[in-house]
Amino acid sequence: MLIRTYSSLWMMAGFVFLIYMGHLYIWAMVVVIQIFMASELFNLLRKANEDRQLPGFRLLNWHFFFTAMLFAYGRFLSRQLVNTVTSDKLLYKLVSGLIKYQMFICYFLYIAGFVWFILTLKKKAYKYQFSQYAWTHMILLMVFAQSSFTVANIYEGMFLLPASLIAINDVAAYFFGFFFGKTPLIKLSPKKTWEGFLGASVTTMLSAFVLANFMGHFQWLTCPRKDLSTGWLHCDPGSIFTPESYDLPGWIPWREVAIMPIQWHALALGLFASIIAPFGGFFASGFKRAFKFKDFGDSIPGHGGFTDRMDCQDLSVETIMEQILRNLTFEEQHDLYEQLGKLLTRGN
């Protein structure tokens, strides 16, 4: 427990430092975690004897990994990337072209990997190779399905709250279970208790309400980032971060209390983190039991691997802009700009 506490403090300190550095560094942290998670998961079902007979087969896993990375981040960060290079016309055209054909490029890379896989098939290793092919795709789903949305959330503002609630729920469940746990919660994970689950739920809900108010006062955490720069942010926080007054009953010393609307949203996030997030841990526990290993890796002292820590639309202006940048040439974007200018002038 002491080792786990020390490593947790180091991780928290590092995370706070990255938050201070900015959105780009948080994104880089997510990418590094994804690489570590993929490496741990790729190695789980690896058989050294089989791999020695299949030179280059392990490289194919990473080909699919970086193809998935290009697909996920090309979709979520295209607007920020274009906004970063607007000052250079040539670079802007190049980046706009890459974004426009990003789906085709990703599809071509995936098909190339598929053909590569077929060409590497060897007699007496078919079963192992096909199981590894399926395992690779499951890894990509597990690693990118949630973390790519995390990166999108980073650049939309208020990125810290959901991640914080998951961490708080995990830590609170551990401590409540450690000190008060007596009643088993689920057979799949005997160490999980009802006391830990309920204690963590209450702690997470209270933390969500308080943290939302605290974070709502910092534009660094609430303003959306429109490009990949790391400068300071300034924006209109909007009504969701503007406190509203609520009258209190007469028997309470205070007559009114100011609450941000985001705090009510935070309660919903806290409820989700309390009820749904633990099932990610249950899934991981069942998976480890099925293949008879304790942890996914040993990268973090006292915690296991990175995977062990990570287990637990309406159309908007941004969406329309993304579609414009993705599908229109530079000349077509210029024509659209002129047409919109004429419409706005006529409207005034």
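Any Cβ shown, glycine's included, is placed from N, Cα and C.
Nobody curates TrEMBL annotations by hand; they come from automatic prediction.
According to TrEMBL, the transmembrane segment annotation covers 12-38, 59-78, 98-121, 133-155, 161-181, 193-215, 262-284.
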Non-local residues, at least 6 beyond the ends, that sit with Cβ under 8 Å of the transmembrane segment (98-121): 54, 56-57, 60, 63-64, 67, 70-71, 74-75, 78, 81-82, 129, 133, 325-329
Same-chain residues near the transmembrane segment (262-284), Cβ under 8 Å, at least 6 residues beyond its ends: 158, 161-162, 165-166, 168-170, 173, 186, 188-189, 192, 197, 200-201, 204-205, 207-209, 211-213, 216, 240-241, 296, 307-308, 311-312
